[in-house]
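Per Swiss-Prot, the features are:
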SIGNAL    1-18  signal peptide
CARBOHYD  85  N-linked glycosylation site
CARBOHYD  363  N-linked glycosylation site
CARBOHYD  441  N-linked glycosylation site
CARBOHYD  464  N-linked glycosylation site
TOPO_DOM  539-1214  topological domain 'Cytoplasmic'
DOMAIN    572-859  domain 'Protein kinase'
REGION    1116-1197  region 'Disordered'
COMPBIAS  1133-1142  compositional bias 'Acidic residues'
COMPBIAS  1186-1197  compositional bias 'Basic and acidic residues'
């Protein structure tokens, strides 16, 4: 009982613990009827190849644990039935054994297989069957820490991931970031599993980065030294920190021998062994006796010793001094009990309740316990504590797997400890594997120790690393001086990279080795060096003087280089300076260069114009020279560049860069300067920025600020000039007028220019700003009655009502804050005036918009351009619309193809048509109707009548030639040829006209009827444009005359056809119309209509009437009688203009253009009479082109008449 120690780490005792501890002091016998038998299933490994977890060398630990529990006063009410089945670390066998234990036999508790693969399956099955499952042996993988996945698994082994995080914490403390990972080959890959978790910890650790340069397996046998050497040689060239996972004693000793042979036991190397077996530098004794020679403080035999000595014990011990071992605590509460366990474990395996009867178990009595037998002892001991605690508190929960699992955590309520678990504290007992405590993940809380050998070759704990659930590791140091950890390294921590590098070729050279030759050389050349230094000293002095002269030469300008420009060039620059900006100057010819730069002289320096001011010659010292050098270096957008000073003439000339627009005083003084508020802001802002730059420069003040010293460049940017020359006297005594810009304190005193302070510049800036805002000279002297002396006197007098310029904006809208700022700047008290920095900041906030003045001007021009583009686009649209209207109007007057040629300036040649049909109509008794109407009523009558006629025309392939008074002339077959359909189009048009007239009503004469007389003729015709002014599309030929005669010889409401028209109609459209012969009629043709034909009778002609359509033959065609109610809506004029070509080959028949009167039309209702005795010809017909066409169309008779006409014309000219 004295060997069981409970340690309360983070709280006090609880009632449950009190019950446990009370049972340790008094053991009450339990009646047999009340005793309970715990059925335990053990998934074991029998193979002798797995000695570290083999059941023959491990199973006796359960009997010893049961005996230990009884001796300590626990499990008094329990008996145990142990049932063993073997898995041999096979997954399928593990599944079979798990099914047998948990499903078939339903054991109270199962001790799982000590291998990871079958244990994973059994842990999953335990979750399903809610069976408590105990883990030991090689089960260290981090996946077994998932309490949600394996809630019934309790693992006595610490997980290797915690080992990995603790190792990385050590790396961080020692500043090791380059390591090698070695692991022993094993049938179960147990060392590889640990190394993989270590590598996972290295990758997941966020606070420190470690580079794994080698990850390699080392053989565990004795026959692979060459492979071992190859691995170690690879490490030697890459790193010095070696981490190794080697579990058993023999491979560990071999590792010590191999690193000794490969010279890896120097002060540069650190070898770290990882383990979870609580053995540190020790090993299990070879026999059943306890360690008696050179034992470690843990009671174990050192790993480097073998009996009998093979000659390597001492060398292996020296190699072990280069080792650090990270393992579970090896502290054992009772070394005597450890020795008893070691000697009896093998013999106990055949005793009940284990009762192993195999041959291996019977032979195990002479063998030492396996490497993990102690962990089996501790896990069963832990289970015994848990069931005892449940039996004493709530025996019903003995059948509750979850309650048993929770009881094994040895938890109790109390103050929480965030280091381990946020709601529970953890109790610890000391077992054979050290301190044992289970966390909330049902996994052992690892208390890892870092062991090293001290000067007595005994292991000592130098660090205590405890891993918590949140992934962190807390470190408790076991030393006060780190040098004690590195006792075998002369007290110095090894470096990640040796000083000389991994191959020893990068050692830093000593001073003598590196600089010895130089030291000896220096001794030989000291004399020469001293001489050289003296020479260099004088050379430097000379060079400094030359450099100073060179720098002075930069600002010293020879007078001969300043050339006076010609007078013409002066005038050109003057005009340029005034004209190129936002100004309203109208007469620039009167502006001269002199009044643009009234305060400066103009010169050319290196072909560039410059400005200059004259000063009397004076003595200049070095300070003045340095000032001029600094002046040349001043550079700011609002500071005029100081070019230099000419001092070799009768007077000094200060040269400044040219600003082509002149001074602000001169520009405002012209009186014709127009600016907007933004320009005002820009100028004032530029002056303030320039003044701010000067105040922050070495000058600290301008001291001569006025509108005359503010120049404007081509970009309308204000630049301050005439600064920094305070030590140079003025050529003349300063004019009284300049005092208008001086501050009152300057006027009152006798201050020299270099004594003027910054507030005086602020005052001058305010005066200039008033000039800009009012666009008038300072104090508006041209309109004031006061003289300059009076104003200066009042300024000097000061007082509460001191005089200041008027800020009359003359209707310009300006930010009121700017006016307030200006008034503050010319305050009487200099201390009340704001500084240049404050003024600049305020002006930035007041600016109506960002950007400079040129951007403003460009924006104005851009807006103007945009507006102009919009206006041009609108005007273009209007022009296009008007052009379209004109084209539509022209299309009504002339055929489109004719109009297009005329618009292109081309000649329109007459065109002959072989067959057309001409239509003439006349209103019957129109003269009598006109007498009954007013002129306006006559116009309205004809407009209503002919407008509807025009609409009817659009439904037929007819072209309207003209209408004169009550006469109406149409033609079909031109200008677009339509074969023989022209006769039908005209007949259909005539019938529709007649039908419409029957329905037509005269509004003011409702009883009167409108009747038409229609004449139709078919035949050849010539059409062309006559004249250049008001051209007309006219028809020529006998066909037109005959058609006119048909109309004049017709009858009211009748359609009169000539024989040619009737023959054409009957030939192509027989039986479609009701016709009748009128008989023979005497027809006469008047002059003009017949081409070059005098009054000559046509003679007797047979003519015909067309009455109506013959519906029996025409059917339901579209050529029925016209109904004005069904008339189609007239299309828009824009749609009437088609895309036909100029040759007239594709004109739509329903879109005839409108034309003017044909001069060749015959007079209406001419009485027939005899022909004239002498031929008379129309002058309209005298056209060479028409004459040529006439010769092509008419017969020999026409040609004879033409020759007769030419003879008469010749006689008339004579």
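Note: Cβ is positioned from N, Cα and C throughout, glycine not excepted.
Positions of Swiss-Prot features highlighted on the structure.
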residue : record                      : DSSP class
85      : N-linked glycosylation site : strand
363     : N-linked glycosylation site : coil
441     : N-linked glycosylation site : coil
464     : N-linked glycosylation site : strand
Cα-Cα distance linking residue 85 (N-linked glycosylation site) and residue 464 (N-linked glycosylation site), given in Å to the nearest integer: 39
Same chain, 6+ residues apart, C-beta under 8 Å of the C-beta of residue 85 (N-linked glycosylation site), given in sequence order: 41, 42, 43, 44, 97, 100, 101
Set of same-chain residues at least 6 away whose C-beta sits under 8 angstroms from residue 363 (N-linked glycosylation site): 56
Neighbour-count leader, CB within 10 A, glycosylation sites: 441, 464: 441
Predicted model, mean pLDDT over the domain 'Protein kinase' (572-859): 80
